[in-house]
Structures are given as C-alpha cells and as structure tokens.
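In what follows, a structure is listed as structure tokens, so that the remarks can point back to it.
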Amino acid sequence: MERFDVIVIGFGKGSKVLTSALAAQGRRVALVEKSDKMYGGTCPNVGCVPTKFLVNRAEMARIKGFASFEEKAAFYAQSIRDKKELREKILSKMFNTFGGNPNITLYTGTAKFVSPKEIEISGKDFTAAITADKIVIDTGSVPFIPPIEGLKECRCAYVSEGMLDLERLPKRLVVIGGGNIGLEFASFYRQFGSEVTVLQDLPEFFPNEDADVAAAVRETLAGQGIELVAGAKVLSVKNEGEGAVVRYAAGGEEKEAKCDAVLVSTGRVPNTRELNLGAAGVETTSRGTIAVDERMRTTASGIWAIGDVAGSPQFTYISQDDARIVMDDFKGGGRTSAGRNVPYSVFLAPPLSRVGLTEKAALAEGYKIKTAVIPVTGLPRSHVLGKYTGMLKAVVDADSGLILGAALYCEESHEMINIVTLAMNEKLSYTVLRDMIFTHPVMSEALNDLFAAIK
Ligand SMILES: Cc1cc2nc3c(=O)[nH]c(=O)nc-3n(C[C@H](O)[C@H](O)[C@H](O)COP(=O)(O)OP(=O)(O)OC[C@H]3O[C@@H](n4cnc5c(N)ncnc54)[C@H](O)[C@@H]3O)c2cc1C
Ligand SMILES: NC(=O)c1ccc[n+]([C@@H]2O[C@H](COP(=O)([O-])OP(=O)(O)OC[C@H]3O[C@@H](n4cnc5c(N)ncnc54)[C@H](O)[C@@H]3O)[C@@H](O)[C@H]2O)c1
C-alpha cells in the first residue's frame, strides 16, 4: 500500500490550495478526484465561473436589445457554446495545475475509507489502496431534490449543472427555490429573453435582509419582468408536449405555470455518500454535514473536513479559508473558523452584496445602533454607467463606532463589499471609510457618502 504524508479527497478550491501549499513544504500528497470532468471542483466547472460568465453574456444580450425571440435564442445558444469551450480550457488548466510536481499524485477515482488511515480508490480502469496519517475531506455538496410529484419524470426539469448546458433558450422558465442559484438564474435568463417565474416556499424572498433592502431588490426584479411568488407550495410537475406544467398553491389558490424548462434550485446537501465514513469513525450532524470543530477537525483523529461537506457557508472562498485553517492546524497554530466575517454577493442586475449583521439582527443581538441608507441615484458613477437602481445600507455600533454590517445593492457592489469587510476585519471605525480618499468616479466612493449619513 502506497504511503503519503497527506491524502486529500475531492479536488475543490480548498484542496487545490492545500495540496499546492503542502507539496511546496516538501510533503507527499495524494489528491483524489472522482470525475475527470471536475478537476477544480464545482466553482470553475459548474458553479461560480460558468454562471457569472452567463451573467455577463446576459447583460450583453440586454444591451444588444434583440427584437425577436429567435435572435435572443441564437445569442443565448452561442453563449452556452462559448461557456462549454471555457470549461474545457479551465479543466485542462486545472488538470495541469500540479503537472510535474513530484510531491503530488493525482488519482482520478472515487475515494472511500477502509479504516481511519486507509483509502480505497476506484477509478475507470484501476483500483488503488493508499494510506496517510493525515486525511482531509473536501467532497463538496450536491443538489437537494424535493419530493415533488412528477418531478423525477419531468423531461425538461434540470438542476443548475444541467441547465448550464441547455442550448435551447426556454421561452418560459419556472424556477423552484428562490435562493442564490434560483435568483441568479432567474435574473440572467430574464435578460437573455425568457419569461421567468420563481416559486419560493418561504413567505418571503431575501429573508436574511432587512425589509427595506428586500423590498428594493424584489421591486427591481419585478420591474425587470420576473414573477416572484413567495409562500408557494409546489404540488406537481407534469410533462406536457416538449414542456411541463407546474402546479402550485399560493395565497390560498391553486395555480398552474406552463413552461419549457424547470430549474430546481432548492439547496445543496453535503456529499458524503460514497465515503464510507463509518469505517473511519467520522461522525455527521443532523443536517448530514461532517461534524467539525473550529479547526475543521472531524470526530476522528487525523481527519479534517473543509468546504460545503463540512457545513461551512457554501462559497468558494470559504472552502479556501477552511484550507488555510487546516494548514495552520498542521503547524500547531490557532486560526479558527469562529467569528469569520463572510461577505457574499448575489449576482443579480445590479448585484446584492452583504457582510455582517442586518439592522434587525443587530437589534436582536442587543446592540445600540446607528444606521444609514442612501439611494444610488446621484452618485457620479451612476451617471457614468447610466444605471440608477439600488440603495446602500450600513449598520454601526453606536458605542464603539465599529461597522456591524452592510447591504450594498448597486452596480459593482461585488467589489465594494470587500472594502467594507476589510474595515470590519481590521476593526476600523466607520469614520475611516467616511473620510477615506477614493479615486473618482468609482462606485466605492459611495462609501464616503454612506458612512457620512450615519445617524
Ligand atoms: C450554480 C452555482 C453557482 C455558484 N456560484 C457561486 C459564486 O458565485 N460564488 C461562490 O463563492 N460560490 C458559488 N457557488 C458555491 C461554490 O461553488 C461552492 O460552495 C464551492 O465550490 C464548494 O467547494 P468545495 O471545495 O467544498 O467542494 P467542490 O468544489 O464541490 O469539490 C468537491 C469535489 O469532490 C469530488 N468528490 C466527491 N466525492 C468524492 C469521492 N468520494 N472521491 C473523490 N472525489 C469526490 C467532486 O467530484 C468535486 O469535484 C455556486 C454553486 C453553484 C452550484
Ligand atoms: N453568488 C454566490 O455566492 C452563489 C451563487 C449561487 C449559489 N451559491 C451557493 O450555493 C448554495 C446553494 O444554492 P441554492 O440556491 O440551491 O440554495 P439556497 O439554500 O440558497 O436556496 C434554496 C431555496 O429554495 C427554497 N426551497 C427549498 N425547497 C423548496 C420547495 N420545495 N419549493 C420551493 N422552494 C423551496 C428554500 O427556502 C431556499 O430559499 C447556496 O447556499 C450558496 O451559498 C452561491
């Protein structure tokens, strides 16, 4: 049995960072990835990169202003083909990432535990048994499919991965689930030219935002022609010709939505199915995620878990940060996942970006707060871009002057939010951003105005 210093299971973002860093320290690492279509993991292949590529293309489609559906469909089909080409490029770059590094062995096969220190790998035309004293699990998550009548049989129902390869632009799209995936797809399909309905089971969209921010985003999406139905119970999905009929109950009524495609975006669950965790003594939580402590250690000594499978917030940069924590733990350091500020952006048009507490959450936590809300209209950058949609909101601790959180709903907010996060991480008073010199005309200078409005 071949012995390594570290075995890493799953080639996600965290694994990539971890494998490179460990090999650079002279450790022998085995990286096991089950699919030759998934080197690099979800993000570059079927997650962040392809979806944001399409967000960008959808904006181009909107600007081009095609008159007919046929023209829109042709531009969309070309965008999907270009996305497929991009994936091939990224895949081969990922495959070659470790090329020639004598400290790294990449296995393409499914890993399963045989004991706490031994892994069996089943590839297309080989099996292998390997061992190490340290093992890191980074096997990500898979879509959750709700038990809706007829959904499994529906010929035009997709999860995000399948939808990303669909070359036929649906005239009408029904999205089940109004979270990050559902709303991003709704937004870019609408811009490509589809009619879109989003069915959300919760009584509201953006439940983690303050009411004013949620209302601003909802109104914009509705203004763009996206039908948002909250409190919807999806009853059945049935094939009808080339398309489908989705039956749902909302507002005390039963309704039908006919469509050419159904996107199921109802959350993602940890991917532990093939790991045989029991053989390693690795326990899972009631949510099915691998139970880890703040250093990403599992319940089995010598085994760590990172990213989606460990129940961390489902973002690529968190898989990466979890890997940093494990690296630090290997060195005996004290870095932990506790109290991390986790910013995020939902790539709508414009994007909604958040970090930290909302006003309602800060009050619920007992803070004495000051807040500011400013509109996007009137900002110099808005005039440059000709885009006036959105608002910015910040919440500050009245006692210390520290920033507790911000929601930035405007063009380029996906860049700006990182500046606010930096200020929060470094425990800077809000006055630092209020008085900082920004270049001009850029969206970030709105942070001067936002924090000047704190009352
Ligand atoms: C459509 C979509 C859009 C997204 N957009 C964004 C975004 O804009 N920004 C953002 O930050 N996040 C986004 N995310 C979330 C982000 O992609 C994930 O949180 C992130 O990729 C998780 O990384 P990971 O390292 O945990 O796992 P993954 O990247 O999923 O890697 C896990 C790997 O393990 C492999 N594997 C599984 N089981 C085994 C086994 N038994 N043996 C060997 N290999 C195995 C899998 O094939 C996979 O390659 C998006 C996700 C989706 C689906
Ligand atoms: N921009 C980004 O960073 C980005 C983009 C896409 C995805 N992601 C990550 O991927 C993860 C998965 O995304 P997601 O959108 O699938 O999950 P999600 O948890 O964000 O949203 C799922 C939504 O589906 C709803 N839902 C569940 N069952 C339903 C049903 N039967 N009928 C109607 N609605 C139902 C839930 O209430 C929830 O609002 C997210 O947690 C996110 O972290 C991130």
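Cβ atoms are placed via backbone N, Cα and C, with glycine included.
TrEMBL entries are annotated by machine, without manual review.
Residues or ranges marked as domain 'FAD/NAD(P)-binding' in TrEMBL: 4-322.
Secondary structure from DSSP puts CYS48 (disulfide bond) in a helix. Applying an 8 A CB threshold to same-chain residues 6+ apart, the list for CYS48 (disulfide bond) reads THR42, THR316. Here TrEMBL flags CYS43-CYS48 as disulfide bond.
Same-chain residues at least 6 positions away in sequence with a Cβ under 8 Å from that of LYS52 (FAD binding site) are, in sequence order, PHE347. What TrEMBL lists as FAD binding site is LYS52, THR139, GLY140, SER141, ASP308.
The Cβ neighbour count for GLY267 (NAD(+) binding site), using a 10 Å radius over every protein chain in view, is 16. TrEMBL lists GLY177, GLY178, GLY179, ASN180, ILE181, GLY182, LEU183, GLU184, GLY267 with the feature NAD(+) binding site.
Look at TrEMBL and you will find 342-449 tagged as domain 'Pyridine nucleotide-disulphide oxidoreductase dimerisation'. The average pLDDT computed for the domain 'Pyridine nucleotide-disulphide oxidoreductase dimerisation' (342-449) is 97.
Summarising the annotation, TrEMBL assigns active site, proton acceptor to HIS440. In the three-state DSSP scheme, HIS440 (active site, proton acceptor) is classed as coil.
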Other residues, Cβ within 8 Å of GLY177, GLY178, GLY179, ASN180, ILE181, GLY182, LEU183, GLU184, GLY267 Cβ centroid (NAD(+) site): VAL175, PHE185, SER265
Recorded positions whose CB lies under 6 angstroms from ligand 2, from CYS43, THR139, GLY177, ILE181: GLY177, ILE181
Between HIS440 (active site, proton acceptor) and GLY140 (FAD binding site): CA-CA distance (Å): 41
Site with most surrounding Cβ atoms, counting all protein chains shown within 10 Å, from the binding-site residues THR139, SER141: THR139
Cβ neighbours within the same chain of CYS43 (disulfide bond) - under 8 Å, at least six residues apart: GLY12, LYS13, VAL49, THR316
